[in-house]
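**Q** Below: one structure in structure tokens.
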4 protein chains.
Amino acid sequence: YGKNTIKFLRLHKEGKKHFVKEVEVCTHLRLTSAQEYLDGNNSLVIPTDTIKNIVLVLAKKHGIPTIEQFAIDICKHFMTTFCQVGYVKTYVQEVPWQRLHENGVPHIHSFICVPDGIRFCEAEQCRNGPLVVFAGIKDLKLMKTTQSGFEGFYKNEHTTLPERNDRILCGELFCKWSYGDCKDFDFDCIWYKNKIRECILEAFAGPPDCGEYSPSYQKTVNCIQMCILSKVSQVQVIEVVLNNTFYNVVDMTNLGLINDKEVLVPVETPYGSCACTLGRKKFLEA
Amino acid sequence: YGKNTIKFLRLHKEGKKHFVKEVEVCTHLRLTSAQEYLDGNNSLVIPTDTIKNIVLVLAKKHGIPTIEQFAIDICKHFMTTFCQVGYVKTYVQEVPWQRLHENGVPHIHSFICVPDGIRFCEAEQCRNGPLVVFAGIKDLKLMKTTQSGFEGFYKNEHTTLPERNDRILCGELFCKWSYGDCKDFDFDCIWYKNKIRECILEAFAGPPDCGEYSPSYQKTVNCIQMCILSKVSQVQVIEVVLNNTFYNVVDMTNLGLINDKEVLVPVETPYGSCACTLGRKKFLEA
Amino acid sequence: YGKNTIKFLRLHKEGKKHFVKEVEVCTHLRLTSAQEYLDGNNSLVIPTDTIKNIVLVLAKKHGIPTIEQFAIDICKHFMTTFCQVGYVKTYVQEVPWQRLHENGVPHIHSFICVPDGIRFCEAEQCRNGPLVVFAGIKDLKLMKTTQSGFEGFYKNEHTTLPERNDRILCGELFCKWSYGDCKDFDFDCIWYKNKIRECILEAFAGPPDCGEYSPSYQKTVNCIQMCILSKVSQVQVIEVVLNNTFYNVVDMTNLGLINDKEVLVPVETPYGSCACTLGRKKFLEA
Amino acid sequence: YGKNTIKFLRLHKEGKKHFVKEVEVCTHLRLTSAQEYLDGNNSLVIPTDTIKNIVLVLAKKHGIPTIEQFAIDICKHFMTTFCQVGYVKTYVQEVPWQRLHENGVPHIHSFICVPDGIRFCEAEQCRNGPLVVFAGIKDLKLMKTTQSGFEGFYKNEHTTLPERNDRILCGELFCKWSYGDCKDFDFDCIWYKNKIRECILEAFAGPPDCGEYSPSYQKTVNCIQMCILSKVSQVQVIEVVLNNTFYNVVDMTNLGLINDKEVLVPVETPYGSCACTLGRKKFLEA
């Protein structure tokens, strides 16, 4: 199979107001043939350059109403146009440009890049199979400075970690969910009306006045999943990965000081991540 | 000389409300001696590990009220404590943690990382010289989708660039300014009361309803400088660097389409930057 | 499941001669339980810190004779020791330290990092399933300045790429193969005696005096696979991915010069990759 | 001033044998004017695109005999052609392509990227000033597993580092030197005949059979400088920076094991660097 990445910007105007979408599109194609590998016969090979042209032409003709719809359109184009394609997958992610505001007034053509979580999506299809759509958010860095612990874990002769009930919980979140049978979804409507991003932040943080105790990274991952499944009916399966950053309280006793969780250093290694995929009615993987 | 970097988090509580500051601190020291290089005589060398301890102890004892004050305190400590130090410079940058809000309510202990511009500062001192403080913002990515051009430039036989009066202006901004004789500044007050960040964004973007035409990256750099010098009386000299990202309108004529600045691709190379340092009353460097 | 990465150095002496192996080890564990996600019950959870300790203790006790054997030992340890583990995978990659030589004489304790291809391996086991071992090399950057073309590909209205029979072929190679039923393999012996690295380089480059024409990235990928399968009898299945870097001949006609493939610029986007997995007797995927 | 980076490949043939040089060239220009910043008057501005064209045309016409000569040629071109240029600096670094060998036979057109130290150079000139040339090597990662210690350093109440006489010395080396009055140097000849790279490695490592004890990073930096100054008569001043990577011996006592410097972990933070600039007859900076 072949993979192909292109980055571009789609500009769109309504009167004097500008709208900008910059995306990175990665298209995977698998052909039903093998002759290009075995014999060097290129007659069915679709060049990288052609794939790039198709993506740009689709963006020019129809714009990028939502990244999900754009990914679907690209998949459909390849499946419809090229009978030698056996499988196609399109991944699209957004550069997080946000409109500038001056004293609350939106600017008509100026933008700032605010990378506090990146929206992405994936559309995937095998020949004669259904078109499946995924959406998600990644690179969302969050921290709770209390209401987190880790106790009662499995112990043996290799255990040196002390139990803690007031640690820092910090990590980078990756969430990806699949929409079931998606005919005519308004993907931006699902995203904004269900406040998916807000929902993730709340499940992580708990109520603003007191938070909610997290007994482990695993439980926090599960809270985020349950929250999205309960709020967004179109989501069928959700995968959450939390890349943990550990912080150690610096021992200052030999410097004559008592450090009451005031100064902490991030621990680079070992680092870990915990991940879980949860579906409606059944567990897929734990 | 020696250089030394440490990253840590300072946590601070007021009642149940948590305040977090994560910083990267880089300390440069130059000794008045040369015997450690020439003879391997380490008797005056201050180990990296000791420098780390000092930075952490200062953070533990006094907190990090502002990064500028913290940098000043570190410099003063080294100059006062070690007579073998001939020069010290401390660079501090913030990890951009922002308090989470749920429906407008601030969370008491949860934070999100929002890297839309990084605040940093520098304090610097030679023995018997004044302590000089710099502050700045970097990694601020901005874009204007119109009101930018580049015309009337110098031309000769190697010129192939066409003149343009409606291009995209996109870049990453670095601003660094020095405060003059700084005795008892409230650095956060200067930052927030003068709205330095807002001032930079406005100088880049122009009025929200129409923008302001930029005839070159150079002129935009100068606008930002003039704006800060006029608004913030404590600033003596300001350096601005704009790393340009160029976008080319894709030629789609051989694909049978007219692309009216709708689809553009970022150009990775050549990339450029333009920089200028401007001081009160006189040009330092152009 | 959980993932965990640690980086460390294992030093070993024979007389006054030092041997160094620096590795990055990533261990994936999946438990048979789900209670840690659903109920916050940590009683079966093996902390990241314990996993780190186990990896370090195994390295201390037995050294790292080969990275493959080390990965196998780690997998076996987790399967044997923890009945709650349902699946374990261990990935190990080497930091490419090479012994320094002075006028041909090997240095007894000095090394230089030479990252011209990184060796890695993977061992994987499900409870009650076989232990499977993979090995490979990645980040191998190669270039042929001629004997490469791309012609006779599929064309339609979106095709703009011209046919070429003398282009530059440049890319970064990733190769990963599985050893079948591996009881008591001497993995370093397989690697060095079969000259796997040399074999890959020869399949890419062809004979030193004339090279071999490559009609496509795909065909070159297949040559590398065929070469390893034919030389190394223990290899059952091999996956090769070639991340392409394209170079364009700069058009200098408007600068009054004819550029006969003398000056070329790398094209950052679109970039592509082609991949193929090949097994003995049958195609698994094309 | 303005800065501008371009990356390209120069291919050259002698009979059927191919020679390849891929370089990254960064050109800084400072104009004598300020009107482009103050008034948006672009009439003296040399566009990035023109600078790129000039660099490519020079590479096309004269090739890249040595990177130093190429940097000199670019500087001279800008100073000679544009009277509005007040200062020009050109930095050139090589992509470390090496010719492939099969059983000792060099391949006529295949290359492998071996990044074990990157050669670079700089040429610099102010209007009416001399043209100064620098050369250097960077990203050279070296390690000694013994014959290194750090003792007798300055101690006070913030000192917690123990003295050590058998630690690991590991770091990334940056060396940059200036050639004095350079009329007609054969820069590759200086490089290869004086074995500059070998000289650096030997100064770092000591004799192959026993090494040489390093009492500090500082002393090792000085050894490298002295060695180059003594071997290469054309070198006037030399700057060496050593970015240290520290390795800690893992304490395994609570795991029931004695770790005799067998298992070590790299310490990410604090990290440090030590640097020194040394000139003939006098110290410039310590």
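Backbone N, Cα and C define each Cβ position, glycine as well.
Okay, these came from TrEMBL:
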type: BINDING; residues: A:THR48, A:ASN244; note: O2 binding site
type: BINDING; residues: A:THR48, A:ASP49, A:PHE150, A:ARG167, A:GLN218, A:ASN244; note: 5-hydroxyisourate binding site
type: BINDING; residues: A:THR48, A:ASP49, A:PHE150, A:ARG167, A:GLN218, A:ASN244; note: urate binding site
**Q** Using all protein chains in view, find how many other C-beta atoms are within 10 Å of the C-beta of A:THR48 (O2 binding site).
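**A** For A:THR48 (O2 binding site), the 10 Å Cβ neighbour count is 26.
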**Q** With a 10 Å radius around each C-beta, find which of these binding-site residues (A:GLN218, A:ASN244) has the fewest other C-beta atoms nearby.
**A** A:ASN244
**Q** Looking at the binding-site residues listed here (A:PHE150, A:ARG167, A:GLN218), whose Cα lies nearest to that of A:THR48 (O2 binding site)?
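**A** Of all the candidates listed, A:GLN218 is nearest in space.
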**Q** Do you know offhand how many angstrom separate A:ASN244 (O2 binding site) and A:GLN218 (5-hydroxyisourate binding site) by C-alpha?
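**A** Cα-Cα, rounded: 11 Å.
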**Q** Widest Cα span across the urate binders A:THR48, A:ASP49, A:PHE150, A:ARG167, A:GLN218, A:ASN244, in Å?
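**A** Max span of the urate binding residues, Cα based, is 52 Å.
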**Q** Do any residues at least six apart in sequence from A:PHE150 (5-hydroxyisourate binding site), in the same chain, have a Cβ closer than 8 Å to its Cβ, and if so which, in order?
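**A** Expected: A:LEU161, A:GLU163, A:ARG164, A:ARG167, A:PRO215, A:SER216.
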**Q** Using DSSP and three states only, what is A:PHE150 (5-hydroxyisourate binding site)?
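**A** In the DSSP reduction, A:PHE150 (5-hydroxyisourate binding site) maps to strand.
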**Q** Across all the protein chains here, work out how many other Cβ atoms are within 10 Å of the Cβ of A:ARG167 (5-hydroxyisourate binding site).
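**A** A:ARG167 (5-hydroxyisourate binding site): 20 neighbouring Cβ atoms within 10 Å.
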**Q** When DSSP states are folded down to helix, strand and coil, where does A:ARG167 (5-hydroxyisourate binding site) land?
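**A** In three-state terms, A:ARG167 (5-hydroxyisourate binding site) counts as coil.
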**Q** Go through the binding-site residues A:THR48, A:PHE150, A:ARG167, A:GLN218, A:ASN244 for me and flag any whose C-beta is under 8 angstroms from a C-beta on chain D.
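**A** Answer, by Cβ distance to chain D: none.
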